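**Q** After the structure tokens below, expect a handful of questions from me.
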Amino acid sequence: MMTQPNLNIVPFVSVDHMMKLVLRVGVETFLKELAGYVEEDFRRWQNFDKTPRVASHSKEGVIELMPTSDGTLYGFKYVNGHPKNTRDGLQTVTAFGVLADVGSGYPMLLTEMTILTALRTAATSAVAAKHLAPKNARTMAIIGNGAQSEFQALAFKAILGVDKLRLYDLDPQATAKCIRNLQGAGFNIVACKSVEEAVEGADIITTVTADKANATILTDNMVGAGVHINAVGGDCSGKTELHGDILRRSDIFVEYPPQTRIEGEIQQLPEDYPVNELWEVITGRIAGRKDARQITLFDSVGFATEDFSALRYVRDKLKDTGLYEQLDLLADPDEPRDLYGMLLRHEKLLQSESTKPAA
């Protein structure tokens, strides 16, 4: 673990540091190891404070805070979702996060989480699919080839062995980008001209679109028996990707029902519609995939424990790397009750420095 020589100093992981860390570890290794942390925290689900994320909605998008604690550590993520940003040359999702010590309340880590969120989302999807997808699934359709598509592909390759991709996006340039970025990664890739073509022969269907709308990306006639659906695009009220008939045919698995009923595909269904919780599958309390013809649906919206897992993982991986800055973030007077005195002493220091003769 990193040492903090002064209590005012908090390790800060910039975007540059995060990219260097991911590349040093290796993207697929990073995803596999991160998935291990995610699964570990789902196994101790009962230890966590859980609440739906705190959201501020506007017609342009949403800004959210995602907090949780296991009683020893506290973590939160600030994240936005603004689908229109792509038209303005901006990311649809940006994020940063904090990990803190519950005992003192002092932050232990401040880090970028735009890249890290894409990695943790993909790792979580692959963890769910490990328990829900057909045995020996090798072919995945990805509907929506934007910023998260490559991460999803690489996570499913690293954790499930998926090596055949069928890609579709309304924007052919997005598909071309995805193919270009995954060259040499060990995939057999087919660019498709429609959703119907993309899902043909797929064991797993991933939907990861960005539009903030009740869209119907996938209709019931496109989904055959035995398929696992990884529905990633839903993350706020009023944003869906699947036709309701698909939900009624599927066994639905969610992260945290109170949040998913607001933001996920199941917002289309009655509030008491039965769903299964992913942590119960991972811990063996309930069965995941029961037979070869079962349609399983992971209604993923992202939950705070996954960000907590990602923050823990990054904290642990930073040891001896030097891939962080020492950020002077916290006021730490010698006498904890004398915060104003600290300000006065600094004023004197500035005055003495200003009267020093120039060298």
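Note that Cβ sites are derived from N, Cα and C of the backbone, with glycine treated the same way.
So Swiss-Prot lists the following for this protein:
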- Asp235: active site, proton donor/acceptor (ACT_SITE)
- Arg53, Lys77, Arg120, Asp235, Val301: L-ornithine binding site (BINDING)
- Thr92, Arg120, Ala147, Gln148, Asp169, Thr209, Val232, Gly233, Gly234, Asp235, Lys239, Ser300: NAD(+) binding site (BINDING)
**Q** What three-state class does DSSP give Arg120 (L-ornithine binding site)?
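**A** Assignment for Arg120 (L-ornithine binding site) reads helix.
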**Q** What does the structure give for the C-alpha distance between Ala147 (NAD(+) binding site) and Arg120 (L-ornithine binding site)? Integer Å is fine.
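**A** Rounded to a whole number, the Cα-Cα distance is 13 Å.
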**Q** Provide the number of Cβ atoms within 10 Å of the Cβ of Thr92 (NAD(+) binding site), excluding the reference atom itself.
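**A** Thr92 (NAD(+) binding site) is surrounded by 18 other Cβ atoms within 10 Å.
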**Q** Report the member of Arg53, Lys77, Arg120, Lys239 (the binding-site residues) whose C-beta atom has the most other C-beta atoms within 10 angstroms.
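**A** Result of the Cβ crowding comparison: Arg120.
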**Q** Would you list, in sequence order, the binding-site residues among Arg53, Lys77, Arg120, Val301 whose CA lies within 10 Å of the CA of Val232 (NAD(+) binding site)?
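**A** Of everything listed, what lies within 10 Å of Val232 (NAD(+) binding site) (Cα to Cα) is Val301.
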**Q** How many neighbouring Cβ atoms, not counting its own, are there within 10 Å of the Cβ of Asp169 (NAD(+) binding site)?
**A** 23
**Q** I'd like to confirm something. Which of the binding-site residues, Arg53, Lys77, Arg120, Val301, has a Cα closest to the Cα of Asp169 (NAD(+) binding site)?
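**A** That would be Val301, the closest of Arg53, Lys77, Arg120, Val301 to Asp169 (NAD(+) binding site).
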**Q** For the binding-site residues Ala147, Val232, which Cβ has the most other Cβ atoms within 10 Å, all shown protein chains included?
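**A** For the binding-site residues Ala147, Val232, the Cβ with the most other Cβ atoms within 10 Å is Val232.
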**Q** Could you measure between Lys77 (L-ornithine binding site) and Thr92 (NAD(+) binding site) for me? Cα positions, answer in whole angstrom.
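**A** Each residue's Cα considered, Lys77 (L-ornithine binding site) and Thr92 (NAD(+) binding site) end up 16 Å apart.
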